[in-house]
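First comes the structure, then the notes that go with it.
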Amino acid sequence: MGKNVVVLGTQWGDEGKGKVVDLLTERAKYVVRYQGGHNAGHTLVINGEKTVLHLIPSGILRENVVSIIGNGVVLAPDALMKEMTELEARGVPVRERLLLSEACPLILPYHVALDNAREKARGAKAIGTTGRGIGPAYEDKVARRGLRVGDLFDKETFAVKLKEIVEYHNFQLVNYYKVDAVDYQKVLDDVLAIADILTAMVVDVSDLLYKAHLRGDFVMFEGAQGTLLDIDHGTYPYVTSSNTTAGGVATGSGLGPRYVDYVLGIVKAYSTRVGAGPFPTELFEEVGEHLSQKGNEFGATTGRRRRTGWLDAVAVRRAVQINSLSGFCLTKLDVLDGLKEIKICVGYRLPNGTEVDTTPLAAEGWEGLEPIYETVPGWSESTFGVKDHSKLPQAALNYIKRIEEITGVPIDIISTGPDRSETMVLRDPFDA
């Protein structure tokens, strides 16, 4: 039988999923995106060459791998074409390697206009979205008025449906938000110009994945964002609009949940967050600056500087519960090099003095939380690029062991640099 492995983030995104997916796809036949959209930013460094992908799965650079965008992904046609064009200019035959679900909702210009108008109207209470129309596109999906990739097979009917939706959203844009209307004809012309390219890549994803499983193929499911940004389980309302957790694999691809064999949680050796929302372990002074600069903590999608802080093991434990994690991949260990001591958040103290060891569900519940820290010794030696587990400093090994003890999950992979080769695979998920 085949093996289905899920790779997802255990924190607030930006954990280093892209590199790990790219590494593990060496053994995979398919790589599947199952949620999110081009608000993701997955950075791959292969032989020193950097590639940033937002929508196309990270397996696209491997010639023996088929990349799939599942129904749980909201797809911006213009963003997909831009990414395809850039990759094709580098000699990557994207159209031979990429497949799409016809059930993918389309992100169109009115979604982007709504996203930006709403963020502006929220003022100081802005969520910090990427402004790419992700949330409004999911809204249209749930309201059952959204257009999907499959609608492009019938261009005349697509035009009629689009006109109704543009009129609906333009009313809100013009009358409530007092911004310009979206040009229906331009939207229609732009989408129809590339419709045939998109429909040529359409496949029944659920059927494909089921048959792949029966054949014994290895499949990798690539998560975007992170567990604490999940629409249901994250720091609501400072979350994304999709299910970033393991449950999203089944609903976002059509694979039966019993067929998931291993869930790999990517955990950064410290914490980061982009945009607004709770972040109990956030650091503002010298150590925070160290993590930000040494870790190059700037968003691959937005370019925004990420907030940085100590590892929040309470939040990571929540990710263990929700995702039924099989193992961790620890990333950016080298960023902690040179710190005399390292702190791990093992609990929270509420404003009334009560100590808790689980995360609140809504953002309001995080207000006034104080992290309870455990301090461990740091190390002065460099871990950058180390490929042999036994050659890591003893203090680094102790830190790794402590994370395993607190979370109850083994660290199966350790990343010590951005390049694909700078990785230690202690237990391969496809063999676990």
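Using the three backbone atoms N, Cα and C, a Cβ is placed for every residue, glycine included.
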Further IMP ligand in Swiss-Prot, beside Asp14, Glu15, Gly16, Lys17, Asn39, Ala40, Gly41, His42, Thr130, Arg144, Gln225, Arg304, within candidate set Thr157, Thr240, Thr245, Thr281: Thr240
Where Asp14 (active site, proton acceptor) falls in three-state DSSP terms: coil
Nearest of the binding-site residues (Lys19, Gln225, Gly303, Arg304, Thr416) to His42 (active site, proton donor) - Cα to Cα: Lys19
Listed recorded positions Asp14, Lys19, Arg306, Leu333, Thr416, filtered to Cα within 10 Å of Gly41 (IMP binding site): Asp14
Winner by Cβ contact number (other Cβ atoms within 10 Å) across the binding-site residues Thr130, Gln225: Gln225
Three-state secondary structure, Thr130 (IMP binding site) (per DSSP): coil
Extent of the IMP binding site in Å [max Cα distance among Asp14, Glu15, Gly16, Lys17, Asn39, Ala40, Gly41, His42, Thr130, Arg144, Gln225, Thr240, Arg304]: 34
Fewest Cβ neighbours within 10 Å, where candidates are the binding-site residues Asn39, Thr416: Thr416
